[in-house]
Amino acid sequence: MARQLWRGVVFACITFCMIISHAVAQGGDKILIIHGGAGSVRISRQFLKLCDNYSITITGTITPAHGTAKKVAMLAAIRAGYAALQTEDDAQLAVIEAIKVMEDSPAFNAGTGSVRSASGEVEMDAIIINGTDLGTGAVGAVRHIKNPITLARLVKDTSEHVFLVGYQAELFALNSNQMNLVPTSSLIANWTTSNEGWTSNHPRKQNRAGTVGAVAVNSRGQIFAGTSTGGLSGKMDGRVGDTPIVGAGTLADDEIGGISATGWGEAFIRYRVASRIAGLMEGGMNASMSISTVLSGMASRIQDADGGAIAIGKNGDIGFEWNSEQMAWAYSKGVDIHYGVDRGEDINVPLDDSVSTGSTTTESTTPTTPGGSGSVGRKGGIFFGIITAFIVTISVV
Amino acid sequence: MIQPSIIVHSGAGYFPDERNASKLEVTRSAAVVGWETLLRQDNVLDAVEAAVRVMEDNVECNAGFGSVLNSAGDVEMDAMIIRGKDLSTGGVGGLCQISNPISVARRVLEKTKHCMLAGQGALEFAVREGFPIVSNESLVSPRAKIMLEGVLSKNIAPSTETGSCITKSSVEEKSLGTVGAVAINCRGEIAAATSTGGICAKMPGRIGDTPIPGGGTFCDDQNCGISATGLGESIMRVCLSSRIANFISNGMDPSTACLTALNSMTERVGGDGGAIVITKSGVLAHAHNSRKMTWASVSGDGELRSGVKAGEEFVTHVVVSK
């Protein structure tokens with residue numbers, strides 16, 4: 001009788017520990033990572049010659065002033081996104097808020113500040129993906145929308161479709177009564193006027209400012225990924241790039257991770273970059289290595305293809321890699337923000353630092369920037385629970 | 001040495017048995033035309049384009065003429081063609097008033113640095129390239145009109161389990177189908193092409209899986225060529241043909257790869273469909289988890305195989321016209 005009572009007590013203890021460990025395991029890391037575009041650098045001789053013919057000087061990098069503007073906006077974006085993640089534990093809100101800040105900033109090739117098409121129009125692509133149910137909303141070649149990422153979300157949440165394009169997507173926006181159309185002139189920033197004259201006859205249009213994107217995971221492991229862009233300068237009207245194409249520039253799946261990419265869109269479409277990165281991550285490779293591997297593969301398969309990507313694995317590991325000269329990136333994990341633009345740059349500031357300057361640490365100049373470490377919360381909790389249960393059983397029975 | 005081969009489909013979904021014969025006829029004829037083109041020109045892009053054009057021109061198929069209608073009663077088409085050698089891609093989305101969208105898609109591949117043109121921009125490109133504009137009415141079939149009326153009057157959601165619109169009215173047929181073709185030549189060069197009118201009563205501006213590499217169309221000489229059909233939204237969300245291709249490159253036989261990916265898609269996001277495949281070693285395969293998929297293939301010494309229901313395979317020989 002006493003023995004049975006003891007067994008009952010032991011069982012209760014073990015159950016209690018498992019419940020505790022489960023509760024602890026619920027608290028996974030909340031992570032947000034964003035990018036503000038990868039600039040191209042591998043300019044072929046042929047392309048340079050063409051530029052000479054047009055008396056145009058090309059540099060492979062963005063100007064310092066532009067870089068600073070980007071960093072300031074990236075900080076604002078990461079903070080906006082992080083606030084959503086912290087207070088609401090809402091990965092979708094984090095992605096949208098971060099991207100909206102970058103769309104509204106003229107320093108990025110998205111929303112305001114988008115590059116112009118061949119006819120001088122601003123035509124934008126955007127996408128948002130829910131990693132839990134793969135719910136997706138995407139828009140392509142849309143004009144007159146201030147925040148295409150919000151229109152993408154509207155497609156996902158209020159239509160039975162995944163992808164709407166052109167002026168029909170604008171009609172959809174109008175009919176929703178949730179957004180207004182804006183004139184093209186309001187989306188044009190000063191720096192884009194310097195791209196006048198570029199046409200799609202050029203071998204490859206250099207994209208200096210960059211597509212923007214974000215991937216977030218909440219404490220329950222729910223992942224969202226989003227990307228937004230004005231596309232290629234001088235692109236043909238109606239051209240859709242990799243951004244709104246699932247598996248090309250963006251992907252999210254709670255069982256694998258979330259990815260957002262930037263670069264020469266056509267290469268990312270043809271090489272199905274996001275799908276390939278996801279494939280490697282699914283096979284166990286960490287986010288950083290997966291991105292690097294795929295970017296190298298893309299560059300060897302498709303001439304002059306370059307760009308970058310950000311990713312979060314399902315276990316919380318972070319990756320941000322690029323094979324172009326620069327990629328503006330930032331992430332928040334815990335109470336820290338890290339961000340950078342140039343290779344080897346890693347600026348670390350506390351989240352609540354209201355000043356944009358913080359302690360600057362430069363990492364080693366190896367091209368492979370290390371991704372964040374794995375998430376401790378979930379696995380640690382379960383482990384703790386099992387050990388406790390074991391100890392209790394041993395000591396009691 | 002690989003046998004030059006071609007496999008085509010004219011859609012996965014459901015239609016009553018009375019339509020089996022006419023669906024088979026157009027699908028076989030497309031396969032034969034593609035086969036003849038392959039033998040004559042040894043160009044896989046030519047072969048798949050020719051096969052798809054046959055189906056676009058035929059009222060039985062949900063592509064080109066005979067396409068289902070969007071909610072405004074217009075024909076709005078998507079198409080894509082991919083060359084597996086260098087992953088060159090050409091696609092159009094939401095293209096109106098053009099008889100053969102697959103040919104415009106091919107022009108995007110060959111004449112532009114882009115992979116996809118959509119909406120008004122796609123039409124403007126087609127016009128610049130000399131494609132004649134046709135009236136919307138010339139692409140609208142009586143069946144498509146009846147189907148749309150059925151959907152709108154019953155207020156039925158356009159997306160359904162069988163991948164096309166289903167009406168509860170007395171409309172006899174329930175689904176038409178996207179069309180596609182995959183071809184391989186003796187050097188192992190592969191091309192894949194897909195063309196569709198989308199789903200009945202779709203919102204204007206809606207693009208489906210067809211012009212999405214890794215979605216409804218896939219092609220890579222290092223792996224395989226695929227054309228898929230089914231509920232576009234589902235196919236896009238799971239990147240269906242990418243999944244099939246991954247299974248194949250990991251050693252799964254192509255038929256099983258298709259079924260596994262399709263069933264997994266149905267389970268995760270709903271919808272069903274089918275796919276046709278040619279692997280880099282020249283193995284042809286087809287599979288569907290919808291009720292029917294009309295397919296036809298020609299390879300070897302001109303053996304024409306075709307079928308509609310799962311497990312069905314008719315075999316005849318092609319008489320190649322000289």
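Using the three backbone atoms N, Cα and C, a Cβ is placed for every residue, glycine included.
In sequence order, A:His35, A:Gly37, A:Phe108, A:Asn109, A:Ala110, A:Thr227, A:Ser228, A:Thr229, A:Thr243, A:Gly249, A:Ala261, A:Thr262, A:Gly263 are the residues of the chain that are 6 or more apart from A:Thr211 (active site, nucleophile) and have a CB within less than 8 Å of its CB. If you look up TrEMBL, you'll see A:Thr211 marked as active site, nucleophile.
As annotated by TrEMBL, substrate binding site applies to A:Arg239, A:Val240, A:Gly241, A:Asp242, A:Thr262, A:Gly263, A:Trp264, A:Gly265. According to DSSP, A:Arg239 (substrate binding site) sits within a strand segment. A sphere of 10 angstroms centred on the C-beta of A:Arg239 (substrate binding site) encloses 29 other C-beta atoms.
Look at TrEMBL and you will find A:354-370 tagged as compositional bias 'Low complexity'.
The feature region 'Disordered' is assigned by TrEMBL to A:350-374.
As annotated by TrEMBL, signal peptide applies to A:1-25.
Within the same chain, residues at least 6 positions away in sequence whose Cβ sits under 8 Å from that of A:Gly265 (substrate binding site) are A:Thr229, A:Gly231, A:Leu232, A:Gly241, A:Asp242, A:Thr243, A:Ala248, A:Gly249. Mapped onto three states, the DSSP output places A:Thr211 (active site, nucleophile) in coil. Farthest C-alpha pair in the substrate-binding residues A:Arg239, A:Val240, A:Gly241, A:Asp242, A:Thr262, A:Gly263, A:Trp264, A:Gly265: 16 Å apart. According to DSSP, A:Thr262 (substrate binding site) sits within a strand segment. Filtering the recorded positions A:Thr211, A:Arg239, A:Val240, A:Gly263, A:Trp264 for a Cβ under 8 angstroms from any Cβ of chain B leaves A:Arg239, A:Val240, in order along the sequence.
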